[in-house]
């Protein structure tokens with residue numbers, strides 16, 4: 001089984017800069033929690049608002065902290081194939097051991113365009129590539145037939161499937177080669193995908209509760225679905241509240257509440273509304289994750305508003 005954190009890796013200090021010490025701490029926390037690989041510069045890590053140089057630096061920091069203990073799957077996707085190829089080359093130089101590449105967004109490529117896009121990326125690197133299908137964000141779905149074509153490319157080794165279509169997930173898990181990994185792209189579908197033959201998840205919840213999410217995957221991988229269902233049920237409210245507003249706003253607010261980072265956001269992201277924040281705090285408390293004695297994150301937000 002595999003679980004990976006999608007780290008919300010930027011803890012800014014009020015000026016919007018990457019907080020390198022926080023990146024290191026978050027990477028160490030994930031490894032200590034038992035995740036099987038790290039995914040810096042995914043979209044939960046706010047990669048669309050990171051510069052090219054910032055992405056490389058975040059990956060360098062995570063690679064250094066991992067120190068070979070777990071693979072580092074760096075995010076590199078977009079609608080400009082040439083720019084993605086260039087980023088992949090630089091991420092490899094920064095020490096990434098694999099690539100997570102979201103489908104092109106906005107320009108809605110055809111199935112043939114998707115195949116050629118990923119084929120061109122694969123031709124430019126020896127790194128293993130995980131394709132990321134999230135049509136609710138990109139308006140571009142990788143149909144099972146297209147994914148099967150991609151699975152024939154030697155270094156396209158897995159899919160992060162976040163279509164939200166359980167029927168499509170069933171078809172993918174049934175049809176892909178045995179050595180091709182199907183990873184859930186939604187925490188709430190992890191148990192279902194693994195029951196169908198998938199191998200894990202690239203997770204948002206792992207940022208808040210890495211050991212619990214790793215336990216869920218390990219239990220399912222071992223075939224202990226009774227224990228996995230119980231873990232899933234305990235984490236489900238957290239999985240749901242992480243999308244009370246657009247990801248990664250809620251998970252960043254939750255991590256701030258836990259004292260893991262400061263609640264600063266680069267536009268166009270903004271802090272959650274008061275009602276959403278209250279729900280996040282309530283769910284953290286109900287899940288047993290509140291940091292005892294800490295001031296609410298909304299108070300810290302107010303103190304940072306003028307910085």
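Numbering starts at 1 and runs along the chain as it is shown here.
Any Cβ shown, glycine's included, is placed from N, Cα and C.
What TrEMBL says about this one:
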- 132: active site, proton donor/acceptor (ACT_SITE)
- 160: active site, schiff-base intermediate with substrate (ACT_SITE)
- 44, 202: pyruvate binding site (BINDING)
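The recorded positions 44, 132 differ in how many other CB atoms lie within 10 Å of their CB, and the one with the most is 132. Within the set of recorded positions (160, 202), the lowest number of other Cβ atoms found within 10 Å of a Cβ is recorded at 160.
Note: the Cα of residue 160 (active site, schiff-base intermediate with substrate) and the Cα of the residue listed as 'active site, proton donor/acceptor' are spaced 5 Å from each other. Spacing of residue 202 (pyruvate binding site) relative to residue 132 (active site, proton donor/acceptor) is 10 Å (Cα to Cα, whole number).
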